[in-house]
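Notes follow the structure.
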């Protein structure tokens with residue numbers, strides 16, 4: 001049916017389209033003129049984001065005694081910092097991402113298993129991030145405020161034309177921050193691709209029958225590990241931006257707003273934001289945890305299953321694989337980013353609920 005057709009042919013294109021407004025990944029078929037336009041639009045987007053950022057800084061200075069407005073502004077500012085940080089990261093690792101995207105596109109068929117497994121979830125999360133931005137954009141329609149944010153400008157905003165321009169500016173920035181979050185789905189595709197590559201390598205072990213074939217398998221395993229070592233740093237940098245800059249601080253700020261005496265619509269806005277931030281984290285937690293399992297238990301268990309059918313010489317050779325499987329491929333930064341796994345996600349949610357409970361007690365007192 002159409003669902004299977006979508007999952008098979010359009011998952012990668014949809015993920016790329018979802019981050020189009022962020023101007024992070026240049027079109028692979030772009031000529032020099034289109035590439036120049038892309039770069040110009042990218043830096044214009046960053047400047048628009050920075051302009052609103054300073055407007056929110058002025059808002060905080062003016063309303064420093066109003067905790068509700070300050071935290072609401074900080075939550076929005078974190079989204080913009082996350083967007084700008086990811087633009088810079090993708091710019092730094094531009095060549096690495098181009099090669100990785102080309103590799104994933106060329107091996108589109110082998111990630112079919114990933115597409116079938118989680119495309120509905122990623123589709124839901126991607127639409128959710130845009131829905132969260134839309135909820136903020138529609139704020140002035142149901143609340144006594146002129147613009148979606150409380151940004152303060154160094155000029156009068158009473159003129160109708162100025163109001164239109166400022167409103168459009170804030171709408172544009174909101175829809176730039178959404179793909180800034182949705183780019184995590186792109187990183188998830190790259191992680192799923194690595195999972196499928198290792199899974200395919202494990203399947204190849206069924207056809208290893210002699211020392212020569214085992215030696216070739218070991219070379220393939222080492223080659224894949226080397227490839228993984230090269231592509232993990234750019235993926236890890238983007239994920240670190242999401243976890244460290246965006247998710248934790250925004251959830252705290254939005255949690256305070258949610259538990260305070262704000263309007264019902266503001267609480268709905270923050271509920272949507274918190275919910276989809278939590279879901280967005282899981283988009284890369286899921287493949288990261290799968291990568292740990294495949295590169296450790298998956299590889300070592302397969303070797304042990306084949307162990308009894310191999311000669312003594314082959315058993316000695318495969319000790320290298322077993323030793324390497326004790327050190328799985330992980331996404332972490334010692335001291336800054338814990339190893340991404342289901343265990344990390346559960347501890348993250350537990351900590352979030354604990355913080356919300358503590359904030360509720362403080363605010364009620």
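Keep in mind that glycine also has a Cβ here, set from the backbone N, Cα and C atoms.
Looking at 18-39, 40-61, the range annotated in TrEMBL as transmembrane segment turns out to be 40-61. Counting Cβ pairs closer than 8 Å to the transmembrane segment (159-175), the top stretch among 40-61, 67-85, 270-288 is 40-61.
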